[in-house]
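J.: Here it is, the structure, as structure tokens.
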Amino acid sequence: MAAAPAVRFPVSGLVRLLGLAAAAGILFWAVHYRGGMALSTDEESKLPIFNVHPVLMLIGLVTLNGEALLAYKTVPGTKKLKKLVHLALQFLAMFLCLIGLWAVWKFHDERKIDHLYTLHSWLGLTCIIFFSLQWATGFWTFWYPGGSRSGRASLLPWHVFFGIFIYALAIATSVSGLLEKSIFMQSAKMIGRFSTEAMFMNSLGMLLVVLGALVILAIVSPGPGKIDTYRGSSE
């Protein structure tokens, strides 16, 4: 069986930089191109509630979740502290996602748009459900009340696998969301195919793909110091 690739550059630092760039990018898009964000769509504010959805989803499932996945490598201190940071970041990510889901649902209701008819919405709902179950299972088994030592050891490989799978699913969902929004706006003649906004959205999508690859690489690689990412989390 082939060994995981050893990374000879500071991949965790690069992940953090690209994660912040992705979060800044979606915020810039919402504010600069789409008029900002609001939790209502009243006539006075003119700010669509929809913009809350992509911002919170990307920051939660991509940026914060990526930091949580690498907490065992990047957070100094005891294994218990690393585990706490991992759980706390993912809980915050889940909280933001629920607000983001509420925002897009409210937007559809107000605009009389059908729910859950696109592949993006199916992927997104699947991602949130899996993410919530993964967090609850991890909390119950690895934190409180905690499973037996043998139970934690047997669950750990699956916990790592599903963590990577859910992150890849979050990247796919985010990219499909950008594509869907871009196509809708182009069809409505809101933007041109080669407009600055369309190119910006494409570039953000490519950034997410690169970020996803680097996060997965950082997880599976022992790194320059051969740091064990998750081995201690079952203890």
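Backbone N, Cα and C define each Cβ position, glycine as well.
Unlike curated entries, TrEMBL annotations are predicted automatically.
TrEMBL lists these features:
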- 13-31: transmembrane segment (TRANSMEM)
- 14-220: domain 'Cytochrome b561' (DOMAIN)
- 52-72: transmembrane segment (TRANSMEM)
- 84-105: transmembrane segment (TRANSMEM)
- 117-136: transmembrane segment (TRANSMEM)
- 156-179: transmembrane segment (TRANSMEM)
- 200-220: transmembrane segment (TRANSMEM)
J.: By a Cβ-Cβ criterion of under 8 Å, what residues six or more beyond either terminus of the transmembrane segment (200-220) are in contact with it?
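T.: Same-chain contacts beyond the ends: 4-5, 7, 11-12, 14-15, 18-19, 21-22, 25-26, 29, 33, 58, 62, 66, 69-70, 73, 160, 163-164, 167-168, 171, 174-175, 178-179, 181-182, 229.
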J.: Determine which residues of the chain contact the transmembrane segment (13-31) at the Cβ level, with the cut-off under 8 Å and only residues 6 or more beyond its ends counted.
T.: 37, 51, 54-55, 58-59, 62-63, 66-67, 70, 74, 197, 200-201, 203-204, 207-208, 210-211, 214-215, 218
J.: For the transmembrane segment (84-105), find every same-chain residue at least 6 residues outside the stretch whose CB is under 8 Å from a CB in it, and list them.
T.: 39, 49-50, 52-57, 59-61, 64-65, 67-69, 71-72, 75, 115, 124-125, 128, 131-132, 135, 138-139, 143, 233
